[in-house]
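Quick notes on the structure that follows.
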Amino acid sequence: SFIGEESVAAGQRSVLTDNPTWIIDPIDGTTNFVHRFPFVAVSIGFVVNKKIEFGIVYSCIEDKMYTARKGKGAFCNGQKLQVSGQEDITKSLLVTELGSNRDPETIKIILSNMERLLSIPIHG
């Protein structure tokens with residue numbers, strides 16, 4: 001099976017089943033792309049029994065290929081990635097995405113979450 005982000009965004013309904021399924025977003029960061037903001041990628045995932053098996057993200061502008069496989073770790077251009085050992089959130093940098101849904105209830109939830117996050121003394 002195939003699920004394409006652009007077709008879902010256009011209103012087509014997709015249902016994730018137990019079948020092996022490719023999930024593809026050929027322009028991940030469509031809004032960035034439209035505005036010529038250089039954070040755009042091609043994202044591909046493969047799911048079996050509704051569980052991610054592996055994913056690939058190609059950052060076109062940076063020419064970086066990110067890959068990850070369940071139980072095998074994540075890599076960037078073949079180099080193993082690992083998370084930092086930082087456990088103190090006050091020494092962290094917060095990065096967030098607001099999404100494109102402008103439904104009033106969704107906006108209310110997003111802003112409430114942002115308020116909670118911004119009350120933490122983080123770096124930025």
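Every residue, even glycine, has its Cβ placed from backbone N, Cα and C.
As recorded in TrEMBL:
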- Glu5, Asp25, Ile27, Asp28: Mg(2+) binding site (BINDING)
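Each of the binding-site residues Glu5, Asp28 was assessed for Cβ neighbours inside 10 Å, and the highest tally belongs to Asp28. Within 10 Å of the C-beta of Ile27 (Mg(2+) binding site) we count 16 further C-beta atoms, all protein chains included. Asp25 (Mg(2+) binding site) counts 19 other C-beta atoms within 10 Å of its own C-beta, drawing on all protein chains shown.
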